[in-house]
Amino acid sequence: MENKVEKREQWTRKREYILAAAGNVVGLGNVWRFPYLCYKNGGGAFLVPYCFFALLCGVPLYLMETAIGTGYSYIVIQLYSRVYTIILAWALLYLIYCFRDPLPWATCNNPWNTDRCVDLTSLNSTQTHRGNQSVNWTSGNLTKSSVSEFWERGVLSMSGGIEELGEVQWEVLLCLLAVWVVCYFCVWKGVRSTGKVVYFTAVFPYVMLAILLVRGLTLPGAWQGVVYYLYPDPSRLADLQVWMEACAQVLFSYGVASGTHITLSSYNKVTNNCYRDSVWLCVLNSCTSLVSGFAVFSCLGFMAEKQGIPIEKVVTSGPGLAFIAFPQAVAMMPFSGLETLTSSMIDMFPGQMRRPWRREILLVVFSSFTFLLQITLTTQGGVYQFELIDYYGANGICVLFVSLVQCVAVGWAFGAERICDALEDMTGQRPGVFYTVCWRYVTPLICTVCFIGFFLDFQPLKTSDGSVYPNWAYNLGWAIAISSVVTIPIWAVSKIYFTEGSFRQRLLVLWRPVSDLVGPKTKEERSLNETEMKSLSAPFPDML
């Protein structure tokens, strides 16, 4: 029994896959990053390019990734995506603080508060209190809400920059440890454990989002935030950076170029209708992003009315936006990625890893090692490290490049019609001409334009207060971005080198689908393939 190689698992029920996929696409990209980018890029102006890219890039790529295999670039991107575990740690810490009365972010009487702190839950829109002191909002005083100070000074205790590491925030560190322990036990038995956990993890966020939405919309001043969210500023549409970040956000929130869709779909039966599932999950993703925007901006509208200032001046745009907006509403009232990394290692070495307790041991080692690396994120300068990895490592240029390459590989090398044939064989439903056109032309063209535009209108990362990072941090960021992209040319060169034949024959062999070259089993079919290879290579000059 110890030498028995276990078979690859499958979902016990279809709804377990739907819940897991929904929990994957509906997560940090919707509740945290989408409102943050809307706020940063002028509210409603951001929705126009977002919807454009969601239709022409997000949906086609999502369907593609539910039907094809994975690659090394996905694994590297997923490694960098583990940085988002720190957001779960912050969220857990907020959850713990919710059991205090009064809520620590609802008052200005805490050790971390300054003389600039104001309590938005008190009095009217022109006057509030800090303790026994009266503060006039319209007098021009530079003030900060109690919620903002709790986030920046209470939770993060932010240092002056990334070069100032500072002390470890022990409360955040313990929460990070708890998050990794929970993540481990959620995936340690594969889809057998994950399939049960998703009944809670996929549904509970919607319950909480609904509560926050209702509470936010009933706050005074909420309409001001909703108008800012929905009304676009046409001048912002001329800003190339707005379009670049909209494209990156679609790829990020849809989870493409990360391998998670491939992993979750691989546990389905061959006949599963991934075409139908993909369409509905994409609709769910975008709708959740839009609803999250209402929840955040209604809270920001309330804060703006209380402070008597424009909504764009309420808080600084940054990773903490949701942690500032959502707690204010409360005061007034990451499993799939880990599974992707684990399953990739097991599938690469099935003979060694599909044995009893090998998966559990692998997860213990990986989770422990990653936790130790992330201890620096719990320091006073940890939020700057987080912003650096978020900006360069897990989205943006690397995701654009990987998306472009897989479109070319599937749409042209494998063939858009061939993947449509395969999907029709598996599901009984053939994707429409819209997907064929997108896979071959529209999506790779958009990815190419955005990839080039990223460099033409490149804006270096800055902190939430507008300060620049040191040069060594920017160099490290570019090294992080290149590390996931460089795996593609390295793999291509190695495959060309180790393939037999002349250079043109190697290219022809590697460019064509494997099934065309190794599929024939009779002597006549092999001979036909050899003849076809010779005829195909005739027009090409010998490049050796």
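Using the three backbone atoms N, Cα and C, a Cβ is placed for every residue, glycine included.
Features reported for this protein in TrEMBL:
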- Gly23, Val26, Asn30, Ser253, Asn285: Na(+) binding site (BINDING)
- Cys108-Cys117: disulfide bond (DISULFID)
- 17-36: transmembrane segment (TRANSMEM)
- 42-63: transmembrane segment (TRANSMEM)
- 75-97: transmembrane segment (TRANSMEM)
- 168-187: transmembrane segment (TRANSMEM)
- 199-223: transmembrane segment (TRANSMEM)
- 243-267: transmembrane segment (TRANSMEM)
- 279-303: transmembrane segment (TRANSMEM)
- 323-341: transmembrane segment (TRANSMEM)
- 361-379: transmembrane segment (TRANSMEM)
- 391-416: transmembrane segment (TRANSMEM)
- 437-456: transmembrane segment (TRANSMEM)
- 476-498: transmembrane segment (TRANSMEM)
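243-267 is the stretch from 75-97, 199-223, 243-267, 361-379 with the greatest number of Cβ pairs below 8 Å to the transmembrane segment (437-456). Distance noted between the C-alpha atoms of Gly23 (Na(+) binding site) and Cys108 (disulfide bond) is 36 Å. Between the transmembrane segment (279-303) and the stretches 199-223, 243-267, 391-416, it is 199-223 that has the most C-beta pairs under 8 angstroms. Looking at Cys117 (disulfide bond) and Asn30 (Na(+) binding site), their Cα atoms lie 30 Å from each other.
With respect to their backbone Cα atoms, Asn285 (Na(+) binding site) and Cys108 (disulfide bond) stand 37 Å from each other. Cβ atoms under 8 Å from those of the transmembrane segment (476-498) belong to residues 71-73, 76-77, 80, 388-389, 391-393, 396-398, 401-402, 405, 461, 469, 506-507, 510 of the same chain, restricted to positions at least 6 beyond its ends. The number of other Cβ atoms within 10 Å of the Cβ belonging to Cys117 (disulfide bond), over all protein chains shown, comes to 25. At the 8 Å Cβ cutoff, the transmembrane segment (168-187) and the transmembrane segment (42-63) share fewer than 3 close pairs (sequence separation 6 or more) and do not count as touching. Straight-line distance linking the Cα atoms of Ser253 (Na(+) binding site) and Cys108 (disulfide bond), rounded to a whole number, equals 35 Å.
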